[in-house]
Amino acid sequence: MRWHSTKPGQERESSHGTRLARVLSTVDLVSLGVGSCVGTGMYVVSGLVAKEMAGPGVIVSFIIAAVASILSGVCYAEFGVRVPKTTGSAYTYSYVTVGECVAFFIGWNLILEYLIGTAAGASALSSMADSLSQSQHQQLYDYSYPDLLALLIALLVTVIVALGVKNSVGFNNVLNVINLIVWVFMMIAGLFFVNGENWDEGRFLPFGWSGVMQGAATCFYAFIGFDIIATTGEEAKSPNTSIPYAITASLITCLTAYVSVSVILTLMVPYNEIDADAPLMEMFAMHGCMFAKYIVAVGSIAGLTVSLLGSLFPMPRVIYAMAGDGLLFKFLAHVSSYTETPAVACVVSGFLAALLSLLVSLRDLIEMMSIGTLLAYTLVSLCVLLLRYQPEGDIPWLCELPLRGESEGGMSRRLKKLIGPRYYTLRIRLGLPGKMDRPTPATGKTVTVCVLLLFIFIFAFCSFIIFGASSIGEGRWWALLLLIFLIIVIALLVVIILQQPENPKRLPYMAPCVPFVPASAMLVNIYLMLKLSAITWIRFSIWCLVGVLIYFGYGMWNSTLEITARENEVHASTYQRYDQGVDEGFCGFDDDFYPPTTDSWGAPEAGSGLTPPPQAKPESEGISSKGGGRTVANHGLAEEDPMDF
């Protein structure tokens, strides 16, 4: 069964016929999204950015990062509605919209990010336990690596995830409740130790706006957990409504937690005295409140555990989706009839993550960052931009989704509300489409070309402002001219896309302000990708090389699309071979089918109403050798009435 040809109303089955269980409510999805973000973001990233990059300006960094995340989040939410069969998250989206080859590499990169996230979470928990026990477990072995405690943590969480989605989500919800209680405690207890002087005399932005933007690039990775929600489309009770609401609620909740914690942290402790390894625990210890330190330690362990669960939870589901489509080995698509989870994929992914956490240090894992996730976000934004302007027949599953009628394009409606009667004058001057305009194959092709060019020029623009910043800062004429040229070209491409008619079908949820929101998401994500270190790009290239070998060595030849194409070719050749040996006269009713009136059967009785069937035309009269005789014969049978007595 080909995934993108499956109707959204159907349950997806594994190769062994077992369905995934639809047990997740909207609250469960919000819990998964919040848990996967808040742990590392609140207990690790906030102190790191405040101490080394932005000072108290970390508050602004988190807000900027949240805006950037929301741009991708709304695109994810629309795809969660447009493609409800989202066990593979961005892999599924790209599979449906841009094809198998690109989808494989997107899914392959997502596996890398979840793998690193799981291993990093296990290593962070090991470091937390080491700090609390003052390295007692490391003293048993007298060396830091291999980290056996991280290995055991990763294996334990693997068992929890493999036991079943409802069990693992229940465990996740318990940890989130603990984390919530500790967060409330920190907010209340911290108010007794705040000192407004920590923000006085230029201390709020000690590193300037450059430090704030650098901090925002780092803080962005504290929001990337929301894509776990998109991987649960087949296990959500109502994916069309749950996914967009859960993504939005998760981002808002995470932003509230990050900003509030950053405010308390920077008011309690001067930014240059923050402990980068355990900032929230040590901020109470610096004021002599040791019982509060251990309460926060409990929350830290709960938060990091649920972040680890958030990284491991979606990874086997992406592997399961790819294996179900034949792009990875088929045994990985097995779904346990007992737990109703992709058990084999859980075990394999958990073992790989445990092995990685055993052998690789936390610092090296963090350096890998999230280049694959950013690439997936960019592709999802690009696909939203493409699908909005395609004719209805070219959009997969659109006719099968619960729609809300037709209306003007979203951007046109917003402009009309914003500027009132002057909208019509503006529409004529800018060449915006009218209410009755509909996309055609020609306009869809125009948008496709413009989107590809937009991606290329945004990549060039981000590369130039990052690597040519010194030339731009020095005011060199060629640098300023090139910068202006790139900005003008990007603006023109966006205007050309805006001039094309949108598909009028309304989904239950749609990303607002298209094409500006997807284009802005592409700009932010590409910028952050290019800010990553060279070693990250090298490791990413090696991982992609392994993916190329798997795809061209196995996936391309065993994918369900390839198998279906072979079967169709075999059937077509079989029909052709049979037709070539069949006389066309035999396909219909000719004169020899009924005996002549002069034989022993005798002539038909008078008044019986039976007439000889019409003669099939010979092949020489222009009827093709495949099916022509059958068509004539059927036409004749339709005209006679053997019961007309």
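In case you wondered, yes, glycine gets a Cβ from its N, Cα and C as well.
Unlike curated records, TrEMBL annotations are generated automatically.
Counting residue by residue with DSSP, the domain 'Cationic amino acid transporter C-terminal' (509-559) contains 40 helix, 0 strand, 11 coil. As annotated by TrEMBL, domain 'Cationic amino acid transporter C-terminal' applies to 509-559.
The annotation region 'Disordered' is assigned in TrEMBL to 600-645.
TrEMBL lists 57-79 (among others) with the feature transmembrane segment.
Here TrEMBL flags 148-165 (among others) as transmembrane segment. Taking Cβ pairs closer than 8 Å, the transmembrane segment (148-165) reaches residues 20-21, 23-24, 118-119, 122-123, 125-126, 129-130, 137, 141, 171, 232, 235, 305, 308-309, 312-313, 316, 336, 339-341, 343, 346-347, 349-351, 353-355, 357-358 in its own chain, all 6 or more past its ends.
Taken from TrEMBL, the feature transmembrane segment covers 177-195 (among others).
Within its own chain, the transmembrane segment (207-230) is flanked in space by residues 29, 32-33, 35-37, 40-42, 45, 48-49, 53-55, 57-58, 60-62, 64-66, 68-69, 73, 76, 79-80, 86, 89-90, 243, 246-247, 250-251, 254-255, 258, 307, 310-311, 313-314, 369-370, 373, 376-377, 528, 531, which lie at least six positions past its ends and keep a Cβ under 8 Å from the stretch. The transmembrane segment feature in TrEMBL is assigned to 207-230 (among others).
Per TrEMBL, transmembrane segment is recorded for 242-271 (among others). A Cβ distance under 8 Å defines the sequence-distant neighbours of the transmembrane segment (242-271), meaning residues of its chain 6+ beyond its ends; these are 24-26, 29-30, 32-34, 37-38, 41-42, 45-47, 50-51, 55-56, 58-59, 62-63, 66, 69-70, 73-74, 76-78, 80-81, 86, 183, 186-187, 190-191, 193-196, 198-199, 203, 206, 219, 222-223, 225-226, 229-230, 233, 236, 279-280, 283, 286-287, 508-509.
The annotation transmembrane segment is assigned in TrEMBL to 291-311 (among others).
Distant neighbours of the transmembrane segment (342-362): 14, 20, 111, 114-116, 118-120, 122-124, 126-127, 144-148, 150-151, 153-155, 157-159, 161-162, 311-312, 315-317, 319-320, 323, 331-336; these residues of the same chain sit at least 6 beyond its ends, with a Cβ under 8 Å from one of its Cβ atoms. TrEMBL lists 342-362 (among others) with the feature transmembrane segment.
Sequence annotations record features per position, and here TrEMBL assigns transmembrane segment to 369-387 (among others).
Positions annotated as transmembrane segment by TrEMBL: 446-470 (among others).
Within the same chain, residues 385, 389, 430, 446-447, 450-451, 453-454, 457-458, 460-461, 464-465, 468, 471, 515-516, 519 sit at least 6 positions outside the transmembrane segment (477-497) and bring their C-beta atoms closer than 8 Å to a C-beta of that stretch. The feature transmembrane segment is assigned by TrEMBL to 477-497 (among others).
Taken from TrEMBL, the feature transmembrane segment applies to 509-530 (among others).
The transmembrane segment feature in TrEMBL is assigned to 537-557 (among others).
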Relative to the transmembrane segment (57-79), which of 177-195, 509-530, 537-557 accounts for the most Cβ pairs at distances under 8 Å? 509-530
Which range wins on Cβ pairs under 8 Å with the transmembrane segment (369-387): 177-195, 291-311, 446-470, 509-530, 537-557? 509-530
